[in-house]
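The structure under discussion appears below in the form of structure tokens.
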Amino acid sequence: MDDRFLPVLLLLLGVSGSWGQGEEPGGPPEVLSEESIGEEVPEEDGILVLNNQTLSLALQEHSALMVEFYAPWCGHCKALAPEYSKAAALLAAESAAVTLAKVDGPAEPELTKEFGVVGYPTLKFFQNGNRTNPEEYIGPKTAEGIAEWLRRRVGPSATRLEDEEGVQALMAKWDMVVIGFFQDLQEEDVATFLALARDALDMAFGFTDQPQLFEKFGLTKDTVVLFKKFDEGRADFPVDKEAGLDLGDLSRFLITHSMHLVTEFNSQTSPKIFAARILNHLLLFVNQTLAQHRELLTGFREAAPPFRGQVLFVMVDVAADNSHVLNYFGLKAEEAPTLRLINVETTKKYAPAGVIPITAASVAAFCQAVLHGEVKHYLLSQEIPPDWDQRPVKTLVSKNFEQVAFDETKNVFVKFYAPWCSHCKEMAPAWEALAEKYRDREDIVIAEMDATANELEAFSVHGYPTLKFFPAGPDRKIIEYKSTRDLETFSKFLDRGGDLPEEESKEPAVSAPEAQPNSTLGPKEEL
């Protein structure tokens, strides 16, 4: 079974990275201490407040237990708190057999160590008292998302449908409904279908073996059907009679057909856009406040169907809060309406030659030209500032990078940063001090480049800050710096010609690339 694309579906639907039916409880139940027996567990806003002692008690008393490990100082935890309490209320109102709890991580270091908590908030789901193998929740940090994820673990993940009335009732409640039509419910294909249903939170799932429903929906063999309240309304995935239902293939099918033909970019849709694993994104930049711009969406949408699964069509409203998208493509709002295409794997960007009308024909022709390699990609670059070399830290842009970084007579140390990156801001004083220290060295250049506004043909920058050293010489060598970001270690690195002792070259915990704004699953704060 090809499971390479399973994480994609999980990200698309904002769910846990674990798959299948979860771990079975292992080992005998834990024996509680005398102190724990009879101890009353405090509660806040419908959430149990646990510690090292009372967690054991809670695991014995509650067969399904979700535990949030939080820190009182953590901003992300504070933002989650009302959603978490609301999820508890939703489940309590339904009498769902699941309990929500929380643990103050810094106050309970033994528990954070035991459960491998490395950031806050971290949510773990325990079933049947199994303390050894909890399932980590990395789904949407919303009340309904948490509640739905838990419903599908303590209840059925899909509804058995016996008649058309049941089908219509399910369709009335959800925008997307996936129904498995199986002639034999004992087949392994049904188990595969139910495993997928357990984690696809944006869709409702049903299954049936009723002949009248096969006939009603025009089916003669086992088929998974996605019904949706938009675009073409229905998409069929026939089950291969010989190979059976392939989980990877079904995942890709749902990813492709759950996306609208045209998706408007915003904070709610961006996780799905970037998790869809459709590598080519065609963006139409328009001003939604202008009627003549809104009218262009008709032709844009008409061009989309032949490219489904190959090119994702996205509309970006320049009148909304999308300045970061405009900056990424080197555009100004007044340039709308215009098209851009990006391959998200290579990050190469493409633009039409000159100003073209936005029609179904022109949009399709531009797509085809890019896909056939007939359009050259472009690189973002700011203009070279007049005073780029006047400060101790030199300012690089795409247009002067090659000349400076690969100067055979210079050792050049470059910081690639993003203006919004907190790690970049934290290390800025050390970088300035480094430049000041070596300002009189003719053979050393300390520089920086805004990697969100400038791109290079030689390599791409994916995390911030990224530090690269370009030693003098003709061989264009590049050394990536991955050690502590302080003046002393920077200096050692430079004085040793781009080398550090092994014990000093390990990357510090804070140096993980910082997430882009609107990241898919939301950030955690590190311990």
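Start at 1 and count along the chain as shown; that gives each residue its number.
Positions of Cβ are set from backbone N, Cα and C atoms, glycine also.
Those TrEMBL annotations? Automatic predictions, nothing curated.
According to TrEMBL:
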type	residues	note
SIGNAL	1-20	signal peptide
DOMAIN	35-155	domain 'Thioredoxin'
DISULFID	CYS74-CYS77	disulfide bond
DOMAIN	355-499	domain 'Thioredoxin'
DISULFID	CYS421-CYS424	disulfide bond
REGION	495-527	region 'Disordered'
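Across the domain 'Thioredoxin' (355-499), DSSP helix (H, G, I), strand (E, B) and coil residues number 45 helix, 25 strand, 75 coil. Within 10 Å of the C-beta of CYS424 (disulfide bond) there are 22 other C-beta atoms, taking all protein chains into account. Taking the Cα atom of each, CYS421 (disulfide bond) and CYS74 (disulfide bond) are about 18 angstrom apart. Mapped onto DSSP helix, strand and coil, the domain 'Thioredoxin' (35-155) counts 47 helix, 30 strand, 44 coil. Looking at the domain 'Thioredoxin' (355-499) alone, the prediction's average pLDDT is 93. The two recorded residues CYS74 (disulfide bond) and CYS424 (disulfide bond) have their Cα atoms spaced 20 Å from each other.
All protein chains included, CYS74 (disulfide bond) registers 19 other Cβ atoms within 10 Å of its own Cβ. Fewest other C-beta atoms within 10 angstroms, among the disulfide-bonded residues CYS77, CYS421, are seen around CYS421.
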